[in-house]
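The structure appears below as structure tokens.
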Amino acid sequence: MQSSVRRRHQAAPGFAGRFSSAQPDDGSRTSRFHLDLWFYFTVQNWLLDFGRPIVMIILPLDWFPLNKPSAGDYFHMAYNIITPLLLLKLIERSPKTLPNSVIYVSIITFVMGASIHLVGDSVNHRLIFSGYQLHLSVRDNPIMQNLTPPTLVDSFELLYYYDEYLGHSMWYIPFFLILFIYFTGCFTKIRAESRMPLSAWALLAPSSLYYWYLVTEGQIFIIFIFTFFAMLAIIMHQRRKGLHLDSNGLFLLFSFSATLIFIAAWIVWLWNDQILRKKYPGVIYIPEPWAFYTLHVNNLH
């Protein structure tokens, strides 16, 4: 009877066991391109993240009560729910043994950071409706200079810190960490599997363009480039073992490589923009696309 119970327990490890169960990591497995997951990632990223501010242009804020969520806010809420589920599904398909605690803490932190950004971004878009200009710092904005008492500006700077720094860090660090952990398991000894199918090539351009938007608008170039270099280091380490990237690993690597090219082109194009350089005075000069939009495309007063 005890052996029967033991066999039933081993046959149904449960949700937690999907991450912690022992799996071979010698590269001898066969792999396939996860077209469904990468397609869902691409569609929901473009629709719910990049498409969110576009929806706010199509459905202006003045169509909604300013003290209630707008259409873009509901898109952000959907993103905060769907993306963690897709990340969990991606990790479930990883052949690499993963610690449960790392995955759970990463997902929890991701949701917290994205939710902080939801609040800050929602308020910032309402400030734009009142004349706030994204290409200027908080204190340099004319509407902030007219606030009384002046200490209110400190509160808006705190809001900006939660939105652009703390929220983005808690959002994107777990996001790229999970992608990197998944990438470490994308290796195989079968040379024939080290190529991308046509479906992967078709998703490469939209995926790379989204990551360009993510890095530039989120101002997370350090997180992105650190992840990219870590991926290159893993590739060199695994090649010494005779392992090659499978189609999923190649898709991530090529997507990040193309993203780096897009970022370089973006910087070169706006290199001599003195107004944007004033807002981004640091060593790493990467203007935000929506700051460029409010400055050069849409004249807000």
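Any Cβ shown, glycine's included, is placed from N, Cα and C.
The compositional bias 'Basic residues' feature in TrEMBL is assigned to 1-10.
For 1-26, the entry in TrEMBL reads region 'Disordered'.
The transmembrane segment annotation in TrEMBL covers 37-59 (among others). Packing against the transmembrane segment (37-59) from elsewhere in the chain are residues 70-72, 75-76, 78-79, 82-83, 86, 89-90, 93, 125, 200, 203, 206-207, 210, 213-214, 248, 251, 290: each is 6 or more residues past its ends and has a CB under 8 Å from a CB in it.
Here the transmembrane segment (71-90) has Cβ contacts under 8 Å with residues 34, 37, 40-41, 44, 47-49, 51-53, 55-56, 59, 64, 103, 107, 110-111, 114-115, 117-118, 121-122, 125, 175, 178-179, 182 of the same chain, all six or more residues outside its ends. The feature transmembrane segment is assigned by TrEMBL to 71-90 (among others).
Look at TrEMBL and you will find 102-120 (among others) tagged as transmembrane segment.
Positions annotated as transmembrane segment by TrEMBL: 165-184 (among others).
If you look up TrEMBL, you'll see 220-237 (among others) marked as transmembrane segment.
According to TrEMBL, the transmembrane segment annotation covers 249-271 (among others). Same-chain neighbours of the transmembrane segment (249-271): 33, 38, 179, 182-183, 186-187, 194-196, 200, 203-205, 207-209, 211-212, 215-216, 221, 224-225, 227-228, 231, 235, 285-287, 292, counting only residues six or more beyond its ends whose CB sits under 8 Å from a CB of the stretch.
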